[in-house]
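This report concerns only the one structure given below.
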Amino acid sequence: MLISNEWLKEYVTIDDSVSNLAERITRTGIEVDDLIDYTKDIKNLVVGFVKSKEKHPDADKLNVCQVDIGEDEPVQIVCGAPNVDAGQYVIVAKVGGRLPGGIKIKRAKLRGERSEGMICSLQEIGISSNYIPKSFESGIFVFSESQVPGTDALQALYLDDQVMEFDLTPNRADALSMIGTAYEVAALYNTKMTKPETTSNELELSANDELTVTIENEDKVPYYSARVVHDVTIEPSPIWMQVRLIKAGIRPINNVVDISNYVLLEYGQPLHMFDQDAIGSQQIVVRQANEGEKMTTLDDTERELLTSDIVITNGQTPIALAGVMGGDFSEVKEHTSNIVIEGAIFDPVSIRHTSRRLNLRSESSSRFEKGIATEFVDEAVDRACYLLQTYANGKVLKDRVSSGELGAFITPIDITADKINRTIGFDLSQNDIVTIFNQLGFDTEINDDVITVQVPSRRKDITIKEDLIEEVARIYGYDDIPSTLPVFEKVTSGQLTDRQYKTRMVKEVLEGAGLDQAITYSLVSKEDATAFAMQQRQTIDLLMPMSEAHASLRQSLLPHLIEAASYNVARKNKDVKLFEIGNVFFANGEGELPDQVEYLSGILTGDYVVNQWQGKKETVDFYLAKGVVDRVSEKLNLEFSYRRADIDGLHPGRTAEILLENKVIGFIGELHPTLAADNDLKRTYVFELNFDALMAVSVGYINYQPIPRFPGMSRDIALEVDQNIPAADLLSTIHAHGGNILKDTLVFDVYQGEHLEKGKKSIAIRLNYLDTEETLTDERVSKVQAEIEAALIEQGAVIR
């Protein structure tokens, strides 16, 4: 939105520079993106009067003009503009003057004739050709009214001005108008805002005698009104109005069209003006378009309509596409005499869909899309009637023809001074707060401690108490909020919560094991939403996802970790070890919030040991991944157990569930070869744990023991067993018969292949013995070892 300071002064008067005003507006929530100064780079620009014009003796397209610029004698200026003529008031850049683009005006001779200055077009003084009236597109600008030669041309053109460009957020649609901005400025400077004149001298003839209005779709069009103006004269609008439109980025057309656009900018209320005699009937019917119905819009384009489009009709034929663009046969033309002015409220969603589908974005549609102020609908139409009467010689018929209900002009919200002060740390009295609301143009009522604020419809961004609190903070001034320290009744030393402490421990363990922490998106594709999910629950899908890859909330962290590993491997980083602690989401019943559960997941692929100085290269395998998980359990003083499992997406023979206190809390396994190949990964191992479940278990105390005074002893045992017997079953048997001197076991080799029967595998296990009270003897260890071997043989193992 472009806000002219010269125009703004018509509604509110302040004693401050435009730069200070722009800074103040920005600091209170509306960003002023740019400040356009029309006086910049311009010097010695005056009004001139062309006293005479003669053809240049040596150039067919040049004219020698004698121009009065308010000095003792006229100056001679050679001009090539086709529309220059004697008797015109024009813009003159004097010798020594300067124009935009660094152009300096000097005395010169053009084809032998002296030229002392330059008669200027609007383009030459910095106006974009996009906004210049068509009558001056290819020539100099000519004032339509008498001027005083020698006066400042920028002042005569209302261009002695600076324009603020607002970068508005969607919630501040009120600032899409001059009056809305004036309310804001008046509040900032605690001054009054003056509204423009809207009262016309009306004829005794009633508009109801010439027109009827019917709404067939009040769910989409809650209100539609029209007023009638007769005997308008189509001519250029006054210069001040044209220039204000130009500064706002709109090309002037004629007085009737310009008044429509002017009121749009003034009130933020889009209007449409129909040629009453071209409508074709005395009725206006608002309805939904019929399927396949066609109409030609003002841009001479035939549009095929959908039933979702709203149309204004003469009872049969569409004469306008509501809120977007008018129809061609009812538009205002040079011979138009009688005008019907439309003011309405249209459904924002319908207007947005229509304008986007037809690629017809306009000043009107953008305002309807954001919602308009009900308080300004009729007032804007009345303002247009007044301007047509004043600047188009129109005769305004009395009464308004309307259908539907405008709705409330205000929304009451109750609040207290205590609530405001407690929220933002102020110490304002009730009177101070009421004054701020009154500055904003909000009426108030006081009942004891309660302030009832009447929020006008133009401020659609204010719907709850917190919005009112923000308004108080804005107008009072964020910079004026006092700096205070919080007061505590009791001061305690800060510390981590139990969950924070345990989370930090887990991260340290995983980082110490060589894994890097990853943070991935919570959104995945619909296909990946249930991949690796430990619970089969309904997914949570976005209504309008930005892409198919981010359409649903995840139920596992692994899809994005696999994607991250694949991304790294594709970029020559083939040894990837990642973990993530993050939330997954499970849907509940309709209308209920989803369950949000924190998971711990990891992925390992490539070599675990990669540098020679670290030792022999070690490729990631199941047992290494399990060792990482076991480190987590040891750090948390928990005991995990493992059980063979089949999980979609994982290798059927190298996957296990992870149990804690006989409850499944996760899984570990090798990525299925097909899935790994699809992601250009070699053997890859993953794990996932319900982190919330880990955190819920009481860790208890870790009991430390002195370093043993007596040496321990190790024995290795190699077993040949059926390939479907898990190592965990063998270890369970070993510990059951190891007595109190068997301290721990370690599987250090697994072999299948040559020299073994089909369906068999060899497992090598190290048994570590220790007695803390005395030195172990071979006889004692051998006895326990024999008992263990006997139990294993009974289980079906063959001692190798």
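Numbers run from 1 along the shown chain.
Even glycines carry a Cβ here, placed using N, Cα and C.
The Mg(2+) binding site annotation in Swiss-Prot covers Asp461, Asp467, Glu470, Glu471. Sequence annotations record features per position, and here Swiss-Prot assigns domain 'tRNA-binding' to 39-154. Under the heading domain 'B5', Swiss-Prot lists 408-483. Annotation comment: Swiss-Prot describes 708-800 as domain 'FDX-ACB', evidence class sequence analysis.
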(request) Go through Asp461, Glu470, Glu471, our binding-site residues, and report the one whose Cβ sees the most other Cβ atoms within 10 Å. (result) Glu471
(message) List the residues in the vicinity of the Mg(2+) site, defined as same-chain residues other than Asp461, Asp467, Glu470, Glu471 with C-beta within 8 angstroms of the site's C-beta centre.
(response) Arg459, Ile462, Glu466, Leu468, Ile469, Arg474
(message) Give the mean pLDDT for the domain 'tRNA-binding' (39-154) on the 0 to 100 scale.
(response) 92
(request) Could you give me the DSSP helix, strand and coil counts for the domain 'FDX-ACB' (708-800)? (result) 27 helix, 32 strand, 34 coil
(request) Based on DSSP, name the secondary structure state of Asp461 (Mg(2+) binding site): helix, strand or coil. (result) coil
(message) I'd like the per-state residue tally for the domain 'B5' (408-483) from DSSP, helix first, then strand, then coil.
(response) 33 helix, 19 strand, 24 coil
